[in-house]
Amino acid sequence: MKQSGLVVASHGRHCVVETPDGERRICHPRGKKSQVVVGDRVQWLASTDEGTIEKVEPRHNLFYRQDEIRTKSFAANLDQVLILLAAEPEFSEMQLTRALIAAEAEHITPIIVLNKRDLTELHARAFARLEPYVKMGYTVLQGAFKTGDLGDLPERLKDKTTLVLGPSGTGKSTLINALVPNANVATAEISQALNSGKHTTTSTTWHWVDAERKTGLIDSPGFQEFGVHHIDAMQLAAYMPDFKPHVTNCKFYNCTHLHEPSCGVQDAVASGAISPSRYKLYGMLFAELTQPVNY
Ligand SMILES: Nc1nc2c(ncn2[C@@H]2O[C@H](COP(=O)(O)OP(=O)(O)OP(=O)(O)O)[C@@H](O)[C@H]2O)c(=O)[nH]1
Ligand SMILES: [Zn+2]
């Protein structure tokens, strides 16, 4: 008999499915193409001690990155993406912008969180770099997770499904352990089961924050570059909230906002409505997305 379930971990061709009453078991997708990702709602069929995914329910969204060759999915059916930054190490505005664009493209709400506010001076400097993002309407929260100060985060996460993205050293483990005691143990157990005994922690894992299983937190492994090759260069400005209102002032409907006369975006840069750093990032991303692909 087919049962419904939620994919709470995945690695390669295996995944862990959780039933509505909280039981978990390893499942394998049927057929080669039906790759499942964490957050997928599925119909599965039990075999002796494992199971087979029979159907993946249609996704509301899929958060992913794409380089020139590969697509890497993070998770599906998200309410929000938490982009974790910290006073130190110094964050990359380029990586932040890429993650924000990928979230916009899938209509997923991003939340930027700046950790380590106990490091007063470094924090002030980092927060100043985030000012354009506050101005363009993004939620920017702050905390000092190590000291137990989670700021407004618990309230923002409540009853939602949130993917946590954090470059190494920002405090992602500290956060997840603060919200989900024993998260480490659960992740290690799942990884071990999925890797048939090998002890690695490379899989994306869903954690429940509350006993009622309403607040979901998805921890994903680190990555090097956030590729946005799935984005059409001509759509970039539409996914940048500081650019978007100005494109309607461009004379040419197919304006690239790089060199055309009577360009609303370039006017906004000149007037200070768009920050120079964001315009520079736009130019770099546009070049990257329009450059011929080298295999
Ligand atoms: N000053 C300060 N340090 C913090 C805070 N939160 C975490 N740290 C420290 O920052 C370092 C990185 O924290 P982790 O939680 O391991 O960070 P991570 O993002 O999981 O990093 P990886 O394990 O490299 O992926 C550790 O030395 C933490 O003790 C904070 O609020 N303030
Ligand atoms: Zn323009």
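Glycine is no exception: its Cβ is also placed from the backbone N, Cα and C atoms.
Record features, source TrEMBL:
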{"type": "BINDING", "residues": "Asn115, Lys116, Arg117, Asp118, Gly166, Pro167, Ser168, Gly169, Thr170, Gly171, Lys172, Ser173, Thr174", "note": "GTP binding site"}
{"type": "BINDING", "residues": "Cys250, Cys255, His257, Cys263", "note": "Zn(2+) binding site"}
{"type": "DOMAIN", "residues": "65-226", "note": "domain 'CP-type G'"}
{"type": "DOMAIN", "residues": "76-224", "note": "domain 'EngC GTPase'"}
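Among the residues Asn115, Lys116, Arg117, Asp118, Gly166, Pro167, Ser168, Gly169, Thr170, Gly171, Lys172, Ser173, Thr174 said to bind GTP, no two Cα atoms are farther apart than 19 Å.
Residue pair Thr174 (GTP binding site) / His257 (Zn(2+) binding site) shows a Cα separation of 41 Å. Candidate binding-site residues: Asn115, Gly166, Ser168, Thr170, Lys172, Thr174. Not one of them has a Cβ under 6 Å from ligand 2. Rounded to a whole number, the distance between the Cα atoms of Lys172 (GTP binding site) and Cys263 (Zn(2+) binding site) is 41 Å. Closest in space to Ser168 (GTP binding site), of the binding-site residues given as Cys250, Cys255, His257, is His257, taking the CA atom of each residue. Those same-chain residues not listed among Cys250, Cys255, His257, Cys263 yet with C-beta within 8 angstroms of the centroid of the Zn(2+) site C-beta atoms are Val247, Asn249, Lys251, Phe252, Thr256, Glu260, Ser262, Gly264, Val265, Gln266. Close contacts with ligand 1, defined as a Cβ under 6 Å from any of its atoms, occur at Thr170, Lys172 among the binding-site residues Thr170, Lys172, Cys255, His257. The binding-site residues recorded for this entry are Cys250, Cys255, His257, and the Cα of His257 lies nearest to that of Thr170 (GTP binding site).
Residue counts for the domain 'EngC GTPase' (76-224) under DSSP, helix first, then strand, then coil, are 56 helix, 35 strand, 58 coil. When other Cβ atoms within 10 Å of the Cβ of Cys250 (Zn(2+) binding site) are tallied across all protein chains shown, the result is 20. Considering only the binding-site residues Cys250, Cys255, His257, the residue whose Cα is spatially closest to the Cα of Asn115 (GTP binding site) is His257.
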